[in-house]
Structure formats: structure tokens, C-alpha cells
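Enquirer: Would you mind keeping the following structure in view while I ask a few things?
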Amino acid sequence: MGFIYDWCEERLELQSIADDILSKFVPSHVNIFYCFGGIVLTCFIIQAATGFAMTLYYRPNVVEALSSVTYITNEVSFGWLVRSIHRTSSGLMVLVLLLHVSRVYLTAGFKKPRELTWISGVILAICTVSFGVTGYSLPWDQVGYWACKIVTATPEALNNVFPSLGTVFVTLLVGGTSVGQPTXTRFYQAHTFILPLVTLALLLTHFLMIRKQGISGPL
């Protein structure tokens, strides 16, 4: 093990990176309310792990989606636990995210020079809500189906301001003239591929800016 560590250290300088991370100054005013962002990240990691586990059994089509979710819950070993953790941590993630945004806003953490940190955080919040919207419909039961109908019909309101623009958005979301298999495929791809990639990129940007600028001071 020592040989492997020395080999990696010579090429990557891991110790200097670790020293830089561990020696970062933490302001004295930081308290438990500054931990909400870390809790959101923890929830995201749990979501990713449990979500990946369920993709091994989930079938993203309108005929077998509900039966595959039922199979995960009732037949797969600890499947009920994995799904319960996924659902519970998703709700907790949204709740703690609201607390995190409130804390940053109330302590003026969005002001100069941290505007870009705030903007990336807002986009991350939008991604979080999008995770919820797309994931809610994946079981393709009655609740998921009608939730999907409501969500995909909402952009039609844009037609009142920009004629035909809302219709274009609806067509992109639905994948046709009505909610069906193309819709489920789009929601599944967004939930398991597009949104995770965008979120990871934004998280990296968010944390690098926090690392560079430090934690905002007290009011």
C-alpha cells in the first residue's frame, strides 16, 4: 500500500491537495444553519445511489412501468427499503433546499462577489424541482399519469404571450400530440441522464466558487 501511495503522491501530489482542503479557514460566525447545503448534497448522493439501484429493475415503458415498480417494492430483496429511502430523501432534499436558500438570502450571501454562486444555486434548485416532476410520473400509475398531463399542459399558457411558443414546448415535452410512450421515455431520460449530468456540472461549479470566495460574512 505504501508503494501505491508513494507512486500516486509523486504524480498527483495528493497530500498537498488534502492539506489545502483541511486547512481552509472557517469563519467563527458559521453555525448549524450553514450546514443545509451539505445536507442537500448528501440527499442528492442518496438519491443517485438508490435511483441507480432501481434502474436495474425499472422498465421505462407505459405498459410495464407500474408492474416493474411493484416488482421492485414486493419482490426484489430490500427493494421496498431502497424505494422508500429514495422517496423520503427526495422530499427531505426539497425541504432542506428551501431552508438553504432562505438562509443564504437572509444572510445576504447572494451579494457581490457571490452573484454567480447564487445564480448556479438557483439553477440547481430548478433542477431539483425538475427531478421531482419527472420522477413523480415514472411509476405511470393514475397519479403519475395525471401529474404528467398537468405538467406537460402547463406551458400552453405561454401561447397567451407568445403565440405558438407554448405549443412547441408541449410538443417537445410530450413527444407528440398526447401523453404516451414518448412522454415516459423523455421523462425517464431527463430524470436519469440529462438532469444528473447538468446537476453534477453545476455542483462542481457551485463548490469551486464557494471554495474560491469563501463563506459569506455575518450581516
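All positions are counted from 1 along the displayed chain.
Backbone N, Cα and C define each Cβ position, glycine as well.
Straight out of Swiss-Prot:
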BINDING   Cys35  heme c binding site
BINDING   His86, His191  heme b 2 binding site
BINDING   His100, His206  heme b 1 binding site
TRANSMEM  32-52  transmembrane segment
TRANSMEM  90-110  transmembrane segment
TRANSMEM  116-136  transmembrane segment
TRANSMEM  190-210  transmembrane segment
Enquirer: Nearest to His100 (heme b 1 binding site) by Cα, among Cys35, His86, His191 (binding-site residues)?
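Expert: Answer for the nearest of the binding-site residues: Cys35.
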Enquirer: Among the binding-site residues His86, His100, His191, His206, which residue has the fewest other Cβ atoms within 10 Å of its own Cβ?
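Expert: Lowest Cβ count within 10 Å among the binding-site residues (His86, His100, His191, His206) is His86.
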Enquirer: Which stretch from 32-52, 116-136, 190-210 shares the most C-beta pairs under 8 Å with the transmembrane segment (90-110)?
Expert: 32-52
Enquirer: So if I exclude everything within five residues of the ends of the transmembrane segment (32-52), which remaining residues of that chain have a CB under 8 angstroms from its CBs? That is, six or more out.
Expert: 82-83, 85-86, 89-90, 92-93, 96-97, 99-100, 103, 128, 131, 191-192, 196, 199, 203, 215
Enquirer: Tell me the Cα distance separating Cys35 (heme c binding site) from His191 (heme b 2 binding site), rounded to the nearest angstrom.
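Expert: With the alpha carbons as reference points, the distance is 26 Å.
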Enquirer: What does the structure give for the C-alpha distance between the residue listed as 'heme c binding site' and His206 (heme b 1 binding site)? Integer Å is fine.
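Expert: The separation of the Cα atoms works out to 15 Å.
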Enquirer: What Cα-Cα separation, expressed in whole Å, is found between His86 (heme b 2 binding site) and His206 (heme b 1 binding site)?
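Expert: Their Cα atoms are separated by 24 Å.
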